[in-house]
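TrEMBL annotations:
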| type | residues | note |
| --- | --- | --- |
| DOMAIN | 104-253 | domain 'Alpha/beta hydrolase fold-3' |
| ACT_SITE | Ser184 | active site |
| DOMAIN | 309-371 | domain 'Alpha/beta hydrolase fold-3' |
| ACT_SITE | Asp338 | active site |
| ACT_SITE | His368 | active site |
Amino acid sequence: TRLCLLLSVAASYYIYLPLPSTITEPWKLMLLDAVFRCMMHGNLIQDLGLCHHVRVLNFVVSVLELRGPRSSEFVRVTDTSFSGVPARVFESIAPGPERLKRGVIYFHGGGWALGRMRSYDLLCRKMAEELDAVIISVDYKLAPDAHFPEQYDDALSACRHILKAEVLASLSMDPERVAVSGDSAGGNLAAALAVDTSVSVRLKAQALVYPVLQALDFNTPSYQQNSDVPILYRPLMARFWLEYLSGDLSLVPYLLANNHTALDQSQEAEEAWAKVNWTRLLAPTFHKHYKPVVPRQGTPRLLEQLPGLLDVRAAPLLAEGGVLEKVPPAYILTCEHDVLRDDGLMYAQRLEEAGVAVTSDHYEEGFHGCMVFAFWPVCFSVGKRSLRNYISWLEQNL
């Protein structure tokens with residue numbers, strides 16, 4: 001009995017986190033975060049030189065989460081590839097006359113490193129059924145086995161192939177109703193494709209769910225406010241960026257201090273900084289009491305080591321206004337308790353300034369990843385509500 005009591009106290013201590021009062025299901029989020037933190041203990045295996053911690057995480061995901069393609073009465077599910085990039089296709093097979101369907105090319109989240117989880121299959125299946133659509137979930141390469149621009153190149157190759165007339169016809173997809181979409185790192189890839197003129201002219205819409213769009217400022221108000229809010233902690237986002245850009249993880253503290261955009265850095269960095277200037281791009285209500293962090297002196301040659309920080313393919317928020325004015329209409333979902341909140345809000349503002357139609361969908365009780373947690377056994381009320389609104393926007397705009 002005493003042992004059980006001690007174990008219960010230890011478990012409670014590990015699970016409990018002080019959370020903002022506006023999060024409506026705090027204990028559920030604490031439990032979810034505890035599971036993620038347990039999975040992140042793969043770092044110990046990496047420290048022992050046995051295996052990269054991301055490979056450990058993906059092994060766990062593959063054992064617990066991955067399922068083969070399973071069709072149902074309403075959705076046909078098949079595995080295939082486009083230009084050599086693996087993908088899973090979810091096709092609505094609702095009764096009725098043959099017709100061209102709307103299509104969504106979807107990129108899953110996971111910091112460009114974690115593989116597609118079961119919740120993404122549930123998401124794509126629900127989208128296909130409710131939208132009477134063809135949803136293509138693209139399995140791009142992952143870090144640490146691939147680094148920028150390989151993930152982007154996979155996304156671009158797959159998207160270009162899917163948009164070929166003969167491929168669209170084979171999938172009964174309407175060439176006038178195709179969108180790109182994704183969440184988190186997948187939202188990054190979707191936004192990057194939308195600013196690529198070889199693709200954007202063929203797209204009707206882009207739907208970005210708490211996207212990561214820049215790595216020049218790790219001290220926006222949302223990064224400062226939500227540094228310790230699950231499930232995406234500020235240092236973890238910096239680690240994901242370094243994994244993506246093939247950087248040394250010892251650089252995390254320098255990124256978090258904004259040393260790469262200090263006043264003594266390059267002219268190119270100064271010009272890019274203007275495009276992430278949150279004091280101009282964010283509404284005052286999101287400024288709160290936070291101040292910009294712009295060091296006078298930075299870390300020498302940091303931008304030379306990580307050139308992807310200034311590459312629009314990695315950071316779509318840095319695109320020129322003349323490029324942004326050509327992108328398709330956008331839906332951008334943001335969450336108050338998410339370090340990436342301001343990435344999405346700033347991008348929405350820049351798109352609006354470029355004359356692009358934008359729907360901003362903000363959730364005061366939302367946290368990073370909430371939309372994919374709309375299914376049993378990990379189901380949040382904000383997840384179900386945000387998913388419902390996301391699908392509704394696609395239904396009305398695609």
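Placement of Cβ uses the backbone N, Cα and C atoms for every residue, glycine included.
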Sequence-distant neighbours of His368 (active site) in its chain (C-beta under 8 A, six or more apart): Ser184, Tyr210, Ile231, Leu232, Cys335, His337, Asp338, Val339, Leu340
Tally of DSSP helical, extended and coil residues in the domain 'Alpha/beta hydrolase fold-3' (104-253): 68 helix, 26 strand, 56 coil
Asp338 (active site) CB neighbourhood, other CB atoms within 10 A: 26
Ser184 (active site), number of other Cβ atoms within 10 Å: 28
The domain 'Alpha/beta hydrolase fold-3' (104-253) [mean pLDDT, rounded to integer]: 95
